[in-house]
Amino acid sequence: MEWWLIRHGLTSWNADRRYQGHSDVELLPNEKHGLEALSRKLKGVPFSAIYCSDLLRCRQTLKYVFPDLDTKGVHYDSRLREMNFGEWEGKTYDMLKGIPLYCSWIDQPKCYTPPGGESWQQFEGRVNEIYCELRDISLNSNDPVLIVTHGGVISMITTFMNSGSNFWEAARVEPGEVMKVTAPAISR
């Protein structure tokens, strides 16, 4: 099983360190140029399937990395979205740090839910569902699979792949970077 996990390119909200979640934020205008190195790195990899979050920043990343790709065969899936941060989307840590619920959520994210957002259990369950589906498909093939998604989803997937690992200690991928994962090892 070989998966290539791309975290979407840089957005203005990434640069400002704002929670994006399900907000449909576009990439920065210069990201097309910024993703050229990734495009060269992945050129010629024979992906058997391509899965992509349905949010704009991921769709743009896919288009910039693979400008000649026929997107008819791409599986756009909302289960690959980042965690829904509800009312906290568009806000920074500094804007929220005085809110008691936010402080509790930072300390114990599995016990608290952002207002209007997704609980940890909902996020984990949603990502686990698509992970299991893709794992079952991949077990029957050695062909590489491409997944364009978000930082939290990548951390959750690598946590699932390395059973017993901790989400907060999982490998992190910066915007516009790729991580190659093979069961059970992870490499960059």
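Even glycines carry a Cβ here, placed using N, Cα and C.
Note that the structure is predicted; figures quoted are calculated from it, not measured.
The annotation in TrEMBL ties Arg7, His8, Gly9, Leu10, Thr11, Ser12, Trp13, Asn14 to substrate, and of the candidates under consideration, Arg40, Arg57, the one tied to the same site is Arg57. Residue annotation for substrate gives Arg7, His8, Gly9, Leu10, Thr11, Ser12, Trp13, Asn14, Arg57. The furthest Cα pair among them is separated by 15 Å.
For Trp13 (substrate binding site), the number of other Cβ atoms no farther than 10 Å from its own Cβ, over all displayed protein chains, is 20. Least packed by the Cβ count within 10 Å, out of the recorded positions His8, Arg57, is Arg57. Distance from the CA of Glu82 (active site, proton donor/acceptor) to the CA of Thr11 (substrate binding site) is 14 Å. The record gives Arg7, His8, Gly9, Leu10, Thr11, Ser12, Trp13, Asn14, Arg57 for substrate. Within 8 Å of the mean position of their Cβ atoms, the other Cβ atoms in that chain belong to Ala15, Gln20, Val25, Leu27, Leu28, Glu31, Pro175, Gly176.
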